[in-house]
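**Student:** Below is a structure I'd like to ask you about.
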Ligand SMILES: Nc1nc2c(ncn2[C@@H]2O[C@H](COP(=O)(O)OP(=O)(O)OP(=O)(O)O)[C@@H](O)[C@H]2O)c(=O)[nH]1
Ligand SMILES: [Mg+2]
Ligand SMILES: [Zn+2]
């Protein structure tokens, strides 16, 4: 297999060792994952995979790498290669679960528009996910052509984190989108995230040769119509790969303490400086947070946002951990039940 083609598809050097243990297996990357079926790309073939054949089917996402056993054109997944750069959120709804968005990413394009979609807190949520996964975040502000004061969006977004890259574009104009090519070269994998209607699929159409469906957002509140309904992988014209995702209605943080600490490094720096170790930052004397807000070193908005997101991630981390522990107990009791049932049957016959 041509190693250059393999690295163009994003295959990382450190997976060679795993592959070497199964030299006949074909490495392939998941381009789509549906309920019962997935599509995987090897360097020269497209495989349809029946997920009923794979016990870890709930643990697969677009961008994952699999080792396949291919017999007469039929692909059987043997194992998933260990991930890096995996973006996940707390699944929407009652069930306390993590939902995988995309794996093995280098860059996350966090897309928002220069209109009422723009929200610093939402950008902070995405930034925390990216930093937690050690994926480089880039904020892409679309619809600059429909806005007279682009700097009013670029300025506050840039202030969210030192060194953060923020690019304003007209997603419908390929020349304007060219600035994004810096993250789109061969071997690179990017994912697009953002609300419905911000122009994720329009960006794909400008950056790739594919044609994705797009649909006009509503007049008045700029809300999109949830045009894209599944995640999918696409070849970028610049040589890399990009994942389109459906617009998210809700972005609840999973446990991502490291990501929040990285994003709010300045806030965390103040936290250790209060006079009392157990300061609740609610008017206690010698509170460093109050002092930083008074002096203008820290904005009230940023502090409140940190507190809210920190509380949310801690609570979700706890409920997800409890749920996983509960699932494990269920699996154990089910296995015991099976063993006992077999034992009973065995004695009868
Ligand atoms: N004028 C202008 N229109 C844009 C821009 N970006 C996107 N649009 C329009 O906004 C609408 C929504 O774009 P989509 O690409 O479908 O949005 P999406 O983020 O993929 O939405 P979902 O698939 O629903 O998540 C389309 O009518 C696009 O043509 C832009 O930069 N400028
Ligand atoms: Mg779309
Ligand atoms: Zn304090």
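Note that the numbers count up from 1, one per residue, in the order the chain is shown.
The backbone N, Cα and C atoms fix where each Cβ goes, glycine too.
Predicted automatically and left uncurated, TrEMBL annotations should be read as such.
Sharing the features that TrEMBL gives for it:
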BINDING   142, 143, 144, 145, 194, 195, 196, 197, 198, 199, 200, 201, 202  GTP binding site
BINDING   274, 279, 281, 287  Zn(2+) binding site
COMPBIAS  320-330  compositional bias 'Basic and acidic residues'
DOMAIN    97-251  domain 'CP-type G'
REGION    314-349  region 'Disordered'
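Tell me about the setting of these features in this model.
**Tutor:** A C-beta separation below 8 Å, combined with a sequence spacing of at least six in one chain, links residue 202 (GTP binding site) to 142, 171, 172, 212, 214. In the three-state DSSP assignment, the secondary structure recorded for residue 202 (GTP binding site) is helix.
The DSSP secondary structure for residue 279 (Zn(2+) binding site) is coil. Around residue 279 (Zn(2+) binding site), a 10 Å sphere centred on its CB holds 18 further CB atoms from the protein chains shown.
Same-chain residues lying 6 or more positions outside the compositional bias 'Basic and acidic residues' (320-330) and placing a CB less than 8 Å from one of its CB atoms are 90, 95-98, 254-255.
Taken as a whole, the domain 'CP-type G' (97-251) shows an average pLDDT of 95 in this prediction.
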**Student:** Can you tell me which of the binding-site residues 144, 194, 196, 198, 200 is spatially closest to residue 274 (Zn(2+) binding site)? Compare CA atoms only.
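**Tutor:** It is 194, whose Cα lies nearest.
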**Student:** Could you state the whole-number distance in Å separating the C-alpha atoms of residue 200 (GTP binding site) and residue 281 (Zn(2+) binding site)?
**Tutor:** 40
**Student:** Quick test of your reading of the structure: among the binding-site residues 142, 194, 200, 287, whose CB sits under 6 A from ligand 2?
**Tutor:** 200
**Student:** State the Cα to Cα distance, in Å, between residue 194 (GTP binding site) and residue 281 (Zn(2+) binding site), rounded to an integer.
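**Tutor:** Approximately 33 Å lies between the Cα of residue 194 (GTP binding site) and that of residue 281 (Zn(2+) binding site).
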